[in-house]
Amino acid sequence: MGEPVVVGRVGRPHGIRGDVTVDVRTDLPERRFAPGARLVRQVADGPASRPAADAAGAADAVGTAAGPGSAGDSGAARAAGPPVATVLSVVASRWHSGRLLVRFDGVTDRDAAEALRGSFLTIDSDECGPAVDPDDEDDDGELWWDRDLVGLHARTPAGDVLGEVVDVIHSPGGEILAIGRPEGGEYLVPFVREIVPTVDPAAGHIVVDPPPGLLDLD
């Protein structure tokens, strides 16, 4: 028995039949949220934490060379405080306007769906496959866990400090690094090799080589 790995977080209800939106934290949503899948709902006694670098449990990886469909579960977020766990079974799931909608067994109306809001959805770390690079033909790509990336300092090739990686966003179009700026606000940087050529957890930093306009916030 491994440790819980977060694959999603329940958002607001959708409609009146019990559907909920899910903030996906996995690159394998079609597998993790397929009908019949069983997920453990983790509810914190206190406020939910933001994704953290020291999240427990193994996780599938994201890679600088990987795009949509790369194998992985983030494992980068978990609830703060003693969790209360229950098992939810997926009845149906579908994409709607770029968001994943999920219906769970026994959740049949909007009130029941609202009661799930904010819950973390987890799987056992033993269910996570080995880290692989699915789209690097030369097998020389590198893969990184979310927990390896969050907390790293970001700088340009010239050495200018951009901030610190505060989150890894798993979107249908690929992974995005949220970099917190020292002066406030965030940069959103696509996690692809052309833009993030260097990831060095041992040195505590990444190098971001932004194309024109990427870091313009105005």
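Heads up, the Cβ atoms here are built off N, Cα and C, so glycines get one too.
The domain 'PRC barrel' annotation in Swiss-Prot covers 141-214 and rests on sequence analysis.
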Along the domain 'PRC barrel' (141-214), what average pLDDT does this model show?
89
Secondary structure tally of the domain 'PRC barrel' (141-214) (DSSP, helix then strand then coil):
4 helix, 34 strand, 36 coil
